[in-house]
Amino acid sequence: MDAMDTSPSPNKSGVVRPRRTSFTRKMSVLGEPGKEGQQVPPGIWAGNSIGVFTSGGDSQGMNAAVRAVVRMGFYLGCKVYFIKEGYQGMVDGGDNIVEATWSSVSGILQMGGTVIGSARCKEFRDRSGRRIAAFNLVERSITNLVVIGGDGSLTGANCFRQEWPELLSELVESGKITAQQKEENKHLNIVGLVGSIDNDFCGTDMTIGTDSALHRIIEAVDAIATTALSHQRAFVLEVMGRHCGYLALVGALATEADWVFIPEWPPEGDWRDTLCKKLTAERSLGQRLNIILVAEGAIDEQGKAITADDVRKILCDELKIDTRVTVLGHVQRGGSPSAYDRILGSRMGAEAVLALMDATPGTPACVISIEGNSTVRVPLMECVERTKEVQANMDKKNFDEAVRLRGKSFQNNLNTYRLLSKLRPPSSHIKLDSHAVQRRQSWKQAHRNLAIMNIGAPACGMNAAVRSFVRISLTKGFRVLGIHDSFDGLIRNEVYPMTWTEVQGWAGKGGSFLGTKKQWAHDVGVGKIALKFAEFKLDGLMIVGGFEAFHSAYQLAEARESFPSLCIPIVVIPCTISNNIPGSDFSLGADTALNEITDICDRIKQSATGTKRRVFVAETMGGYCGYLATLAGLASGADAAYIYEERFNVMDLKQDVEHLKDKIQNAGVQRGLVLRNEMANENYTTDFINRLFSEEGSPVFTTRMNVLGHMQQGGYPSPFDRNYGTKMAAKGVEWLSEMVEKYTDEKGNVRTGNADTVVLLGMLRRHLTFTPVTELAEETDFDKRIPKEQWWLKLRPLLRILAKHSVVSYEVEAEIKANIDDDDDDEEGEHIL
């Protein structure tokens, strides 16, 4: 699907779908699409040298970016140099500028911080210091730089680039370099990557390190919540964000925090009184703890600082609540990077090298950005100026404009938090009774009923979506019905009203508290389901689940002509670790599963410490969809990832064995990792691959096999899945509410009579989009339970390049042959590379 305008338009059925526009035209407003997924032959930039350095504050994922720069540089035939200790190393020269090798970036993917160091440099701020730095680069013929840092580091690099010709002329005049050296190094190309946990750089959806910092915050809040619950305490946590409240805002959404203070959105009016009233109401409902997040740069409407101690004093003095303050500090910068930051750093680092290759003397310095699921090259100084403009507007107390300049992602998060923070338990909320009949009688006469159910395998994020659905629906005046255990529970009348307090704390829990089963509507009987819809007077339904949820919604849509009670608005929230549902680039649960797989792979590789020359073969879930294997392969530094969508044969396996033997014997690497999607090939099983590698790899290496199993479905939801589930459900309730109002007839019945009102809410590019399931059915391979087109396949070549495979081109096949006929078994399949 093409990129879309930010201005959505409703169709005749009320379904909102963004307008489609040319992706290239849209990007040209600010930047240009990257080359990710395009053909780039190896070795075409031989003879060039690249320098890579990290500057400013460190952030998790920087090492992934450094590794990608080095290995993509090698792929293109370049020499790559580490510039250690940032600009200080560039000025000091000597051993601070060293040529990188393949093995020098092996094993750094899972490490936090930056292995090549980062430091502030006063000398570089002066022209004399920059002249020395230029001399050190010219000595090694380095005229291409990848700068990984914040806006200050990137601004310094751009200044260095602009002064470069003059600096070289001064070096010639002083006799430091020759005229020939000046001519050979006359142009300096700069590409930036933003490494900052604050996510405060305008021009990219996410900066390297932000997701990992959110993981640290969530882990801390989850741990604190248990002790706060024990003693009925309140905790005030100070998180980083001197000029940007992104971490505090998203952390508050993910942890169900009672209040958040950020610099872009000062509390309004008499916020002290409002805060006290809110916490008092929550305590009266039996809530035993309160969590408040404070960004270190939080201010009030007059620009006065709001500190964690200020908030603690209010709670202690006014409410007499036992309150503690925790300052997370540099804990947020530490630890291993999340799967997202490893993949983000890898994609940005590789694209940075391709951008350098395309640069001309007239090309302005650019920053590699991520927009939706694509890498984009944006003008560096335009982004820097816009970032500075945010602070300028905050200084002028023009907070609405500051929020707008932060970008769409920040606005969406703030709008969702505003909605949830304003919610209050309805004054006549229903309390659960122990007897099922009594519970049901309390809502039988309800004017409007919205129901929610889970279908499919459990996945993290389900509970977050249910919590958001329940609370927002209640405040809109709906009765909320929870359908337990999917369609089976519906048929058994396990349908109960859900209350405000019932879903407290659900966002941070894995699994499905409603219960879920892998079944289709046809399995149970569409007629039986229709009778139950009528019996429970359902006016709208949200289904949270995997491929079974999407397929069941499609079956219900197809049966509407025969069963009028099915003619209600139905919205599906994709939630499956496999990420195999059409109409959405990302599914709830997939991010948590990726982190679980990545953590397990880290432990598996760590187990080889002290055991020389071992290759691990690990099997991932995903059905016929290779998303988990591919993305986990990128995040864990796997040597190969075998999937159904990309055909492979025994010769490919043999080639991979030879690659591993060469890497272990000649590159100084002592271990390898191979991932296989569970349905990659019915003949080349995980056990077969393990045995083949063991036989052909001997005596160079030994092998071990690991089937990761249901560990991939477990764990606590990641920050992404908590927030994604919250926002998706909130958007879904808004749509259901509009549809119920629109399609209520004179008798008070909701009858849509239109298949377009059975929709799937998915993330496409950067937009939450409602798409009728009948349209998505045309884009789906129901036999293999996968979409016919999958965006992440463009990352497959990058996986192999970073693993040092012998590749032919950096490209994606025009057509992925997902369906393989039996009579094609003897044909040699085209490999993606």
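Every residue number used here counts from 1 along the chain in the order it is shown.
The backbone N, Cα and C atoms fix where each Cβ goes, glycine too.
Heads up, TrEMBL stuff is auto-annotated, nobody curated it.
These come from TrEMBL:
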BINDING   G57, R120, C121, G150, D151, G152, S153  ATP binding site
BINDING   D151  Mg(2+) binding site
BINDING   S196, I197, D198, R233, M240, G241, R242, E296, R324, H330, V331, Q332, R333  substrate binding site
BINDING   K518, 576-580, R614, 621-623, E678, R704, 710-713, R785  beta-D-fructose 2,6-bisphosphate binding site
COMPBIAS  1-12  compositional bias 'Polar residues'
DOMAIN    50-355  domain 'Phosphofructokinase'
DOMAIN    450-736  domain 'Phosphofructokinase'
REGION    449-833  region 'C-terminal regulatory PFK domain 2'
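Here the C-alpha separation of G57 (ATP binding site) and S196 (substrate binding site) works out to 7 Å. Between the C-alpha atoms of R324 (substrate binding site) and G150 (ATP binding site), the distance comes to 33 Å. Taking the Cα of K518 (beta-D-fructose 2,6-bisphosphate binding site) as the reference point, the closest of the binding-site residues R120, D151, S153, D198, R242 is D198. Taking the C-alpha atom of H710 (beta-D-fructose 2,6-bisphosphate binding site) as reference, the shortest distance to any of the binding-site residues S196, M240, V331 belongs to V331. If you average pLDDT over the domain 'Phosphofructokinase' (450-736) in this model, you get 94. Note: D198 (substrate binding site) has non-local neighbours T207, T210, M240, G241, R242, H243, C244, Y246, L247, i.e. same-chain residues 6+ apart with C-beta under 8 A of its own C-beta. The distance from the Cα of S196 (substrate binding site) to the Cα of D151 (ATP binding site) comes to 9 Å.
Each of the binding-site residues C121, M240, V331 was scored by how many other Cβ atoms lie within 10 Å of its Cβ, and the smallest score goes to V331.
Within 10 Å of the C-beta of S196 (substrate binding site) we count 24 further C-beta atoms, all protein chains included. Closest by Cα distance to G152 (ATP binding site), from the binding-site residues R333, R614, G623, is R333. G150 (ATP binding site) sits 14 Å from R333 (substrate binding site), taking the C-alpha atoms as the reference points.
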